[in-house]
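S.K.: Attaching a single structure in structure tokens format; questions to follow.
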Amino acid sequence: MHLRNIVIALAATAVASPVDLQDRQLTGGDELRDGPCKPITFIFARASTEPGLLGISTGPAVCNRLKLARSGDVACQGVGPRYTADLPSNALPEGTSQAAIAEAQGLFEQAVSKCPDTQIVAGGYSQGTAVMNGAIKRLSADVQDKIKGVVLFGYTRNAQERGQIANFPKDKVKVYCAVGDLVCLGTLIVAPPHFSYLSDTGDASDFLLSQLG
């Protein structure tokens, strides 16, 4: 599929997303950079075209659930602004830009250096899953060890990475790929199931909480 056709297909389905924008909560998501250290740090990369740092769907949903379960203990940090969540970057060799990967890698390293006692959990949605894969596999073993769990919604590198993150323990990762979500099969064809992951955010949050010490 040519890049122009990829962009048109992704843009059309983004507009046609069945999730009502009025029901979504847009949060700041810059709490690692701007706030005090917390016992838990959640780092998330949003889907293509989503505004803000956490986005307006699965990112805020997981963040809010973690905060409800561990009141006062969670800092939520979205990847940006160098990660722009633009559509064309989906067609790059790693499914996102090198700038986005480097920014996410830097956030993980910042969490460890700034807050050495924090437990890190992470996630991504759509293009954001490629950001997480690219960043986490490049981290040192010491930083990777601080990451307790990762959830990936509509994993765009699922087929290429065989359902896991390269160079990272498989038991720390939970992948959510809906039936009929063709990006999980290694394509850039975005079908309606790709927008179904809000219903998985409760289970994903429970998984991350279960990974904490």
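Quick reminder: no glycine exception, Cβ is built from N, Cα and C everywhere.
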S.K.: Choose one of CYS115, CYS177: the cysteine that Swiss-Prot connects to CYS184 by a disulfide bond.
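M.R.: Candidates were CYS115, CYS177; Swiss-Prot matches CYS184 with CYS177.
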S.K.: With the disulphide bonds as Swiss-Prot has them, who is the partner of CYS37, out of CYS76, CYS115?
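M.R.: Swiss-Prot lists the disulfide between CYS37 and CYS115.
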S.K.: Taking only C-alpha atoms and a 10 A limit, tell me which of CYS76, SER126, CYS177 are near SER48 (site 'Transition state stabilizer'). These are the recorded positions.
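M.R.: Final answer, ordered: SER126.
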S.K.: Any idea what DSSP makes of ASP181 (active site), helix, strand or coil?
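M.R.: SS state of ASP181 (active site) = coil.
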S.K.: Once near-sequence residues are set aside, which residues in the chain of CYS115 (disulfide bond), 6 or more away, have Cβ atoms under 8 Å from its Cβ?
M.R.: LEU32, CYS37, LYS38, THR41
S.K.: Whole-number Å distance between the CA of CYS76 (disulfide bond) and the CA of SER126 (active site, nucleophile)?
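M.R.: Their Cα atoms are separated by 19 Å.
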